[in-house]
Structures are given as structure tokens and as C-alpha cells.
There are 2 protein chains.
Amino acid sequence: MPVVTMVGGGQLARMTHQSAIALGQCLRVLAASEDDPAAQVSADVVIGSHERLDDLRRSAAGANVLTFDHEGVPVAHLEALEAEGVAVRPPSKALRFAQDKLAMRTRLTALGLPVPDFADLAGDRAAARGVLREFGAQHRWDVVLKAVRGGYDGRGVWLVDDEQQALDLFDRADASTRLMVEARVSMRRELSALIARSPFGQGAAWPVVETIQRQGQCAVVVAPAPGLAPDVAEQAQQMALRLAEELGVIGVMAMELFETADGGLVVNELAMRPHNSGHWSMDGAITSQFEQHLRAILDYPLGPTDIVAGPVVMANVLGAAQAPAMSMDERVHHLMARLPEAKLHLYGKGERPDRKIGHVNIVGAPGASVDEVRERAERAATWLSTARWTDGWDVHGE
Amino acid sequence: MPVVTMVGGGQLARMTHQSAIALGQCLRVLAASEDDPAAQVSADVVIGSHERLDDLRRSAAGANVLTFDHEGVPVAHLEALEAEGVAVRPPSKALRFAQDKLAMRTRLTALGLPVPDFADLAGDRAAARGVLREFGAQHRWDVVLKAVRGGYDGRGVWLVDDEQQALDLFDRADASTRLMVEARVSMRRELSALIARSPFGQGAAWPVVETIQRQGQCAVVVAPAPGLAPDVAEQAQQMALRLAEELGVIGVMAMELFETADGGLVVNELAMRPHNSGHWSMDGAITSQFEQHLRAILDYPLGPTDIVAGPVVMANVLGAAQAPAMSMDERVHHLMARLPEAKLHLYGKGERPDRKIGHVNIVGAPGASVDEVRERAERAATWLSTARWTDGWDVHGE
């Protein structure tokens with residue numbers, strides 16, 4: 001059976017390994033350390049850095065495909081590997097648009113896809129400062145400053161309230177950090193269109209989901225997005241599938257979207273890998289995003305993306321601000337006593353404030369109330385984070 | 001998080017590892033070789049023999065629980081480990097009934113559970129020969145000879161047609177092989193009642209399934225058993241739960257049953273571990289047998305055993321008598337093209353005739369026809385075994 005190497009040993013690689021096992025494979029992982037979430041559980045681990053070409057080469061040796069747990073690999077390295085015959089999927093020509101928000105915005109604009117107004121703040125500092133002042137004034141300072149590269153989970157994104165704050169941020173920024181500015185979108189909610197595309201050109205789209213962000217990172221995902229008009233859902237799927245084809249994406253791709261106050265769509269971010277907004281599919285869809293990513297990059301025919309039963313809600317388990325009063329193992333015991341149906345996914349990570357250390361899926365029965373399913377998912381995840389029940393229930397009866 | 005050691009590196013350990021990952025664990029496997037199905041995919045492998053106490057000790061060191069992929073570990077070794085404080089689950093006092101068919105039959109009889117008539121053929125050869133002749137005549141030679149220990153997947157079980165054949169088998173048997181004889185049960189079909197029990201005493205029963213055997217080994221499982229009267233299903237579940245409690249079983253237990261021609265139940269075999277008749281639960285039940293086994297042996301509260309959507313059919317993929325015309329990887333490609341919804345589970349084993357090398361689950365939509373779901377499952381499994389479509393469809397269009 002084929003060998004797939006995944007660059008990065010995080011939770012996405014860990015969960016991809018679970019799917020690889022079913023397909024008769026063992027995922028090879030390029031991990032920074034043996035303690036990485038995926039390195040803890042796979043029999044085929046290469047210790048090294050995604051920033052060193054030699055380490056990438058070692059991890060790709062003898063593998064059929066090289067793929068990614070994150071988008072941080074330098075494009076020049078990927079181009080070098082491609083020149084040496086490594087099947088890099090998604091290929092560098094596509095992946096660079098997931099690394100560089102400015103290139104992504106520019107390309108999407110050229111393709112006629114809806115993006116927020118934006119301006120490039122790279123280049124000459126004084127000139128860029130002028131661009132920022134003009135753009136900000138035009139948008140009444142309802143703008144967002146972003147790092148062009150490397151931002152995720154709320155990092156590299158700054159919401160500003162006025163000119164002074166924007167200029168302060170700009171002036172304080174490290175000269176090596178390329179910045180851009182975007183108009184803030186007046187939105188109703190955030191959505192994610194998750195799709196997969198194979199080298200053969202086959203595409204598959206899961207139902208569009210609603211994502212709820214907290215402190216700039218994904219907290220809850222509701223699948224499918226409640227009350228989303230079917231034509232808007234289809235438009236989101238078609239936009240994602242079309243973009244994947246235009247860019248030559250291979251594998252799973254998440255297109256994060258804003259649903260605007262007037263019911264339109266605006267593209268926010270792109271991720272070319274399994275994505276937090278697709279974790280619900282592990283228990284709630286016929287084909288999970290991790291199995292689908294493997295199928296896509298290996299050019300197997302793709303699997304059905306239908307929901308298995310009723311609505312599904314995923315809630316992330318975050319490290320708590322204060323260490324909980326009981327161990328994670330004890331918390332798991334109590335969770336299973338109170339919500340035995342919760343599908344738990346723990347990543348083997350240490351608990352640090354706001355760090356994603358796991359998630360919970362609740363699969364509703366057909367016709368179940370989304371609110372009821374969501375309440376259970378959030379109750380479960382908050383319990384695992386904090387050892388506190390959101391409804392005030394006290395495990396000790398005190 | 002806890003560490004679980006599983007003795008044996010076969011497919012059951014491989015699939016248990018998939019569930020361990022979700023619970024924040026890595027399954028430690030005592031495997032005979034690094035090529036064993038579970039050893040291929042787990043980061044925590046101890047190479048050794050389940051027949052050597054020192055190897056068992058090494059594998060148990062630092063683990064919270066020791067459990068089993070098969071029932072072949074000598075009871076004396078388990079008792080020694082228990083005396084040293086190892087949490088052996090299921091404990092030796094229970095597991096010995098899964099190792100010794102005669103002890104099992106005797107115990108079940110004492111508990112008033114329905115078993116076929118049987119007689120012990122151990123001890124003095126001449127006396128045992130007399131017992132066999134008398135038992136056979138009494139049952140018109142409609143009998144089965146069985147090895148008391150070590151039989152599985154059709155090994156150690158001999159159907160006989162007449163006295164001569166029975167006596168020949170008896171006379172030819174190795175003196176070290178303890179034998180027993182049983183009356184053949186006039187049955188409608190075979191069933192399996194899969195349950196789990198925790199040290200706390202919590203029990204959980206999946207829907208009773210129908211199992212279809214071929215050449216003495218499980219070929220197809222239909223969940224739930226079609227047309228099974230609810231009271232008979234409940235009787236089977238209650239029998240399995242009661243037995244597990246009486247014997248002190250911890251973990252998953254399968255009770256294989258005959259449904260007799262007159263609608264009654266007779267217990268055939270017991271397995272105290274995840275079992276082939278429960279593989280459907282990986283895709284078709286809210287809690288899979290592998291997750292449940294871990295929950296049970298770790299004394300976590302158990303998960304719901306409900307079916308997620310419609311009827312589920314599991315079909316085993318067996319090594320073919322003749323090497324197929326294309327590689328397994330090519331067969332997987334074609335399978336996914338024709339039956340993209342098939343949930344594939346490959347074990348990483350070499351293909352040898354009649355060897356279990358994987359299985360396929362098809363999850364029917366609510367209300368789907370069992371026959372239609374079963375046809376797809378068997379078509380998929382036969383294709384993977386032989387590279388031939390059961391319906392004559394020709395992939396090459398020749």
C-alpha cells in the first residue's frame with residue numbers, strides 16, 4: 001500500500017494517521033519532536049524541521065506523496081522537492097496562496113471571487129503609511145490589519161478602532177513583517193466551505209458549516225449551517241470547488257467565508273489541508289475529512305460527504321486559563337458519565353491557556369434540534385477545558 | 001492519560017489503537033514481530049511472545065491495564081501477573097472460560113444457560129472412546145468433535161457424518177489434544193450478542209446481529225439481525241450480560257449463539273475481547289466495540305450502543321485462493337470508484353488463502369433494505385479479495 005508523508009506532527013497529522021490505518025497504511029510524520037501529537041502514535045516518525053530541505057527530503061524518501069499538517073513550509077523547498085520528482089500535494093503553486101494572504105486576495109480578485117477591499121502595506125514604509133491612511137479614511141477606520149504571512153488562530157490579525165491605533169500598530173510592527181489592510185466586513189456570521197479535489201480533477205464538497213470564533217480562533221462548528229439558504233450554500237461550495245480547480249489544489253481545502261448582513265458571501269481565509277471546521281466529519285459524515293484528504297492526495301476516487309444522521313456540532317477543547325481542579329483523565333471519566341454519547345478526540349498535548357488540546361463531536365439524531373445538540377457539545381468541551389459544567393451542575397454535590 | 005497494553009499485535013489491536021488515539025492514548029502492543037498489523041502502526045511496541053512471562057511483564061511495566069487481542073495467553077502467566085499487581089482485564093478467572101470450551105460448557109450448564117449436549121473425551125483413551133460411541137449413538141451421530149482449547153476460525157472443529165468418521169478422527173488425534181463431543185444443533189441461523197462490562201459493573205449491549213459463516217469462519221455480519229423477535233433479542237442480550245457478571249468479565253465479550261429451528265437460543269462460543277461480529281460498530285454504532293473495550297477496561301462509563309443510521313452490513317475480506325490480477329492498491333482504487341461509500345478497514349496483512357486481511361462496512365440509510373446493503377457489502381469484500389465483481393461487471397469493459 002502507498003506511503004504518505006505528512007509534514008508536521010500536530011493534531012491534524014494525528015487524526016490523519018487514524019484514517020491511514022483503515023486504508024492499510026501507516027502515516028509517516030515529519031515531526032519536530034517525539035512528543036508531537038502525531039509522533040506519539042505513529043510507528044513511522046522522522047524527526048526534523050519543516051524549514052530544512054534535507055529533513056523534508058529524508059521524510060519524502062520512498063513515500064508516494066508528501067502532504068501537510070500546516071502551511072508553513074517554504075515554497076522554495078517545495079519547488080526543490082518537486083524538481084526532484086516528489087509528489088507534493090497540494091503542489092507549491094497552489095499552497096503559496098494559502099501562505100500569502102496578499103497573493104490570495106489578489107488572485108481571488110482576478111478570478112472575480114468576492115473579497116473584502118484590501119491594500120498592500122509592504123514596500124517603502126512612508127509610502128505604505130500613506131496607503132494605510134488613505135485606505136483607512138476611505139473605510140472610516142473600520143479596518144483590520146493583517147500579517148501577510150504566518151497568521152493563524154487569531155495571531156497576525158489586529159482589529160483596530162481608529163486611525164491612531166492603526167498607525168501605532170503599523171509603526172510598531174517589525175520591519176520584516178509584511179502587512180496588509182482590509183475593510184472589515186459587516187457580517188451576520190462566519191461559514192466554512194470544505195471541499196476536496198483529486199489530481200484526476202474530481203471534487204467533493206461537504207455541507208457548508210457555520211463556525212463560531214472566540215478570541216480569533218474557531219470554537220464551535222455547526223454542520224450544516226442552520227438556516228442557510230440552499231442557493232447560498234451551493235454558491236459557497238461552487239466558489240470553493242472552482243477556486244481549487246483554478247489554483248490546482250490537491251487534497252482538502254477549507255474556504256472560510258463571511259455571510260454578510262445582506263446575505264452575500266465574502267471570502268476570508270483559505271487552508272489547504274484538513275481544517276478545524278471539518279472535524280465534525282469524523283463522526284458526522286460518511287467520509288471524514290482525514291480519510292478524504294488521503295483519498296484525494298493518492299488520487300483515489302472521493303467518498304460521499306453526506307451527513308450520517310442529524311445535525312452535528314463540534315466544540316474545541318481549549319487549555320484553561322487556570323489549571324483545572326482535576327486531571328484530564330478524571331475529567332474524561334465525568335464527561336462519559338454525564339454525556340456518554342460525546343465523541344471525544346484528544347490530541348495528546350499539554351494544557352496551556354487557549355491552546356487547542358482536543359475537540360468533542362455530538363451527532364444529533366435525525367431531526368434533532370441544533371440548539372440542543374450544540375448545548376451538549378459546548379457543555380462537554382467546556383467541562384474538559386475547565387472541569388466546570390456550564391449549567392452549574394456540581395459533580396461533587398457540594 | 002492511561003497506558004493500555006494489549007497482548008497480541010493482530011487486527012484487533014490495530015483497530016483498538018485507532019480508538020486509543022481519540023482518547024488521548026497510544027496503545028502499547030506486545031507483538032511477535034514488527035510486521036504484525038498493530039505493530040506497523042503504533043509508536044509503542046514491545047516485541048515478545050505472549051507465552052513468555054518475562055515478555056508479558058515487560059509489556060505490562062508502567063501500564064494501567066493489560067488486555068488481549070486473543071485468548072492464547074497461559075492462565076498461569078496471567079495469575080502470576082495478577083499476583084504482582086497487574087490489572088489484567090478480563091481477569092484470568094474469567095478468561096479461562098474463553099480458552100477452555102469444556103470448562104465454559106460446564107459453567108454455562110451450571111448457570112442454567114442453554115448449551116448443546118456435550119461430553120468430555122479427555123482422560124483414559126479407551127474410556128473416552130466408549131463415551132464417544134455412546135454419545136454418538138444417542139445423537140444418531142449428528143455430532144461435532146471439538147478441541148477443548150485453541151480452536152478458532154473453523155480450526156479445532158470437525159463436523160462428522162457417521163460413527164466411522166468420528167472414531168477415525170478420535171483415533172488419529174494427537175494424544176495431547178483434549179477433545180470433546182457436542183450434539184449438532186438444528187439451527188435456523190447464527191447470532192452474536194456483543195456486550196461490554198466495566199469493573200464498576202456497568203453493562204452495555206449492542207443490538208444482536210446475525211453472523212453468516214463460511215468454511216467455519218465469520219464471513220458476513222448483519223446488524224441488527226433481520227426479523228429477530230424483540231423478546232429473543234433481549235433474551236440473548238440478557239444472557240450475555242448475566243454471564244459476563246457471573247464470570248467477572250471486564251471488557252467486550254461476544255456470545256455466539258444458534259437460533260434453533262423452533263426459535264430458541266443455544267450458546268455456541270464465547271470471546272472475551274473485541275470480536276469479528278462487532279466490526280460493524282466501527283462505522284455503524286455510536287460507540288464502536290474498540291472504543292467501548294477501552295472504556296470498559298479503564299472503568300470509564302460506557303458509551304451508547306445504538307445504531308447511527310440504518311442497517312449495517314460487515315463483510316470480511318479474505319485472501320483469495322489465487323493471487324488476484326491486480327494489486328490491493330489498484331483494487332482499492334476500483335472499489336472506491338464503484339462503491340465510494342464503502343468503509344474500508346485493511347489490516348496490513350499479506351494475502352494468503354482464506355486469511356482475514358480486512359473488512360468492509362456498508363452503513364445503510366435509515367429504512368434501507370437489508371438485502372440491498374448486504375449485496376453492496378459482499379460485492380465490495382469479494383472484489384477486494386479476488387478482483388472479481390460478484391455481478392459480472394467488468395472493469396476493463398472487455
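The backbone N, Cα and C atoms fix where each Cβ goes, and this holds for glycine too.
ATP is bound by A:K101, A:E182, A:A183, A:R184, A:V185, A:E190, A:N268, A:E269 in TrEMBL, and the record lists one more residue there from A:K93, A:K146, which is A:K146. Neighbour counts of Cβ atoms within 10 Å were taken for the binding-site residues A:K101, A:R184; the minimum is at A:R184. Counting every protein chain shown, the number of other Cβ atoms lying within 10 Å of the Cβ of A:E190 (ATP binding site) is 21. A:R184 (ATP binding site) falls within neither a helix nor a strand when secondary structure is assigned with DSSP, and so counts as coil. Cβ environment of A:E182 (ATP binding site): A:R105, A:P116, A:D117, A:F118, A:V143, A:V144, A:K146 lie under 8 Å away, each six or more residues apart in the same chain. This prediction places the mean pLDDT of the domain 'ATP-grasp' (A:105-298) at 94.
When the record's ATP-binding residues A:K101, A:K146, A:E182, A:A183, A:R184, A:V185, A:E190, A:N268, A:E269 are compared pairwise by CA position, the greatest distance found is 18 Å. Residue density at A:E269 (ATP binding site): 18 other Cβ atoms are found within 10 A of its Cβ, drawing on all protein chains shown.
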